[in-house]
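**Q** Can you read through this structure? Questions will come right after.
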């Protein structure tokens with residue numbers, strides 16, 4: 001029988017028709033969970049996580065944050081915050097996803113009262129996916145522009161240039177007796193970015209978006225087409241694409257690093273990047289910046305890690321994978337700093353200005369400073385193409401994760417309707433997000449992109465992570481959560497993880513949240529200040545995801561019966577079918593709790609199926625014994 005027909009037989013409406021793994025037709029019934037899909041290769045999950053975490057922020061945010069916050073001394077708070085916040089929360093998200101084999105919405109069977117956290121996560125990821133793909137569209141634009149013998153942002157004299165444009169070649173070959181005053185000038189790369197690519201002079205502000213830039217619109221369409229084709233078959237297709245997109249950036253990064261350190265003046269930039277200023281460690285701002293860098297670089301709270309882990313086998317060693325990905329992400333950020341600042345050191349020497357005058361972060365580095373530096377190198381189109389191809393592969397990995405998170409979350413909620421039509425549903429989501437992103441392709445689109453970048457994920461993601469941490473440790477219970485991990489991995493988390501989950505991680509996240517509120521600054525782009533209505537819109541954008549939590553609570557309480565307190569207690573408890581998705585992995589309190597289960601002891605299923613007891617069955621026996629001892633002590 002086709003697996004779709006089998007799944008329809010296993011609906012809880014008619015339990016007498018159900019087939020359990022212990023029945024003679026167990027092998028047929030076991031096909032149903034496979035409809036969701038799993039990773040098809042041993043490295044699919046690991047490379048997907050690396051690709052998701054190692055993104056644009058590693059290249060254009062970490063190096064700048066490091067040099068502005070104490071240089072080499074910044075690594076001290078960076079690795080401390082990695083240990084306190086990054087690694088524990090990363091491991092928690094992977095554990096939740098792998099244990100339940102559910103996406104960011106359905107995983108809240110762990111405590112239905114807080115399902116609004118999952119809804120808030122999907123809202124955040126959707127907003128981020130809209131503007132993140134626009135950044136990939138800019139990268140594609142520059143990638144195509146690099147396919148020429150002479151980079152278009154290399155010289156002045158084009159129709160988009162103004163009288164303020166000053167070519168760096170003029171500075172280099174000019175008469176040294178009469179030095180050129182560059183204080184009120186603009187580089188060709190900056191005018192190419194603002195006046196040609198964005199054509200921002202056609203907009204007076206965020207309330208006047210102007211016309212659509214059709215070249216940018218086509219790049220955005222191409223970007224969404226690439227993303228759709230790569231996630232067409234879910235993790236089975238994206239899991240193969242990441243073998244290239246997660247590894248190739250490292251090859252380019254090494255090439256750029258080798259080329260950078262061999263340039264004249266490169267060590268000037270590296271010295272500027274890494275010279276430790278230990279007095280900065282006394283500033284709370286530096287520790288907050290380190291925590292923020294860890295928080296956003298690892299992508300916790302966005303649902304991507306949980307989604308990827310949900311496609312693992314039940315006993316995948318995510319403990320090992322956690323340390324590989326988090327430490328690999330940190331090392332990549334440091335290496336990217338060497339590659340970036342070695343070129344900036346060369347650039348500062350060529351222009352005869354200090355490094356701090358050429359160093360920028362974000363789009364300013366990727367689309368203005370680094371492209372200008374490329375024009376100073378021999379074979380500049382080649383190095384420019386490599387740089388933007390690296391940014392493209394870095395960005396696509398993260399976008400795959402965002403889209404997989406949205407699609408998985410919704411299909412897990414409506415599996416019988418949407419899973420058979422997952423490709424069509426993915427297409428609908430991509431088209432909808434493309435249409436919503438069209439305003440970003442207008443002449444004033446950069447203003448909207450800055451607004452979305454500043455507000456869509458900042459406040460909301462922190463609330464999501466704090467709530468998740470508190471629900472898992474306080475509502476669900478630390479002891480129960482550690483027992484679930486023991487069931488999966490064969491060992492319980494040590495005191496380090498338990499201390500971080502219970503106290504250190506949520507306390508640090510709350511400090512970050514309070515810091516962001518107290519130090520709130522209105523958005524700006526260059527000299528442009530956003531109007532009050534735009535600020536209000538941005539704040540609403542950030543608060544909307546948080547409002548989903550109380551809304552979800554109200555909905556969960558209304559579905560229960562009894563007094564208000566009884567309803568809250570019932571909604572707080574895990575759903576009846578919470579636990580491992582395959583019946584053969586369900587032991588202890590999870591035995592026979594799947595709808596229509598006929599197997600009294602999944603452990604016996606293991607023994608009949610595999611002809612003996614493995615180490616994981618031994619773990620199951622231990623878990624069962626612990627539960628029995630607890631029940632006896634309570635009686």
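Glycine residues also receive a Cβ, built from the backbone N, Cα and C atoms like all the rest.
Quick paste of what TrEMBL says about this protein:
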type	residues	note
BINDING	51, 54, 58, 297, 329, 394, 397, 398	Na(+) binding site
DISULFID	156-165	disulfide bond
TRANSMEM	75-96	transmembrane segment
TRANSMEM	117-144	transmembrane segment
TRANSMEM	241-258	transmembrane segment
TRANSMEM	290-311	transmembrane segment
TRANSMEM	323-347	transmembrane segment
TRANSMEM	382-402	transmembrane segment
TRANSMEM	423-449	transmembrane segment
TRANSMEM	455-476	transmembrane segment
TRANSMEM	496-517	transmembrane segment
TRANSMEM	537-558	transmembrane segment
**Q** In Å, rounded, how far does the Cα of residue 156 (disulfide bond) sit from the Cα of residue 58 (Na(+) binding site)?
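**A** Here the two Cα atoms are 31 Å apart.
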**Q** Can you give me the Cα-Cα distance between residue 297 (Na(+) binding site) and residue 165 (disulfide bond) in Å, rounded to a whole number?
**A** 36
**Q** Starting from the Cβ centroid of 51, 54, 58, 297, 329, 394, 397, 398, which together make up the recorded Na(+) site, report each further residue of the same chain whose Cβ lies within 8 Å of that point, ordered by sequence.
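**A** In sequence order, the nearby non-listed residues are 50, 52, 53, 55, 56, 57, 299, 332.
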**Q** Which sequence positions outside the transmembrane segment (382-402), separated from its termini by at least 6 residues, show Cβ-Cβ distances below 8 Å to it?
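**A** Answer is 48, 50-52, 54-56, 58-59, 125, 128-129, 132-133, 135-136, 139-140, 142-143, 146-147, 151, 226-227, 230-231, 238, 241-242, 244-246, 248-249, 252-253, 255-256, 259, 299, 302, 304, 307-308, 366, 370-371, 374.
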**Q** Does the transmembrane segment (423-449) make contact with the transmembrane segment (117-144) through 3 or more Cβ pairs under 8 Å, each pair 6 or more apart in sequence?
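**A** Yes, the stretches contact each other.
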**Q** Quick check: do the transmembrane segment (455-476) and the transmembrane segment (75-96) share at least 3 Cβ pairs under 8 Å, counting only pairs 6+ apart in sequence?
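**A** Yes, the transmembrane segment (455-476) contacts the transmembrane segment (75-96).
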**Q** Do you know offhand how many angstrom separate residue 397 (Na(+) binding site) and residue 165 (disulfide bond) by C-alpha?
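**A** Checking the Cα atoms of residue 397 (Na(+) binding site) and residue 165 (disulfide bond) gives a distance of 36 Å.
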**Q** Would you kindly check 75-96, 290-311, 323-347, 537-558 and say which stretch has the most C-beta pairs under 8 angstroms to the transmembrane segment (496-517)?
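**A** Highest pair count goes to 75-96.
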**Q** Does the chain bring the transmembrane segment (290-311) near the transmembrane segment (537-558), so that three or more CB pairs sit under 8 Å (pairs 6 or more apart in sequence)?
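**A** The answer is no, given that the two segments have fewer than 3 Cβ pairs within the 8 Å cut-off.
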**Q** Take the C-alpha atoms of residue 58 (Na(+) binding site) and residue 165 (disulfide bond) and report the distance between them in angstrom, rounded.
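**A** Computed Cα spacing between residue 58 (Na(+) binding site) and residue 165 (disulfide bond) is 31 Å.
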**Q** Taking the transmembrane segment (75-96) as the reference, which of 117-144, 241-258, 323-347, 537-558 gives the largest number of Cβ pairs under 8 angstroms?
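**A** It is 323-347, which has the most Cβ pairs under 8 Å.
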**Q** Quick one: Cα separation, residue 394 (Na(+) binding site) versus residue 165 (disulfide bond), in Å?
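**A** Residue 165 (disulfide bond) has its Cα 32 Å from the Cα of residue 394 (Na(+) binding site).
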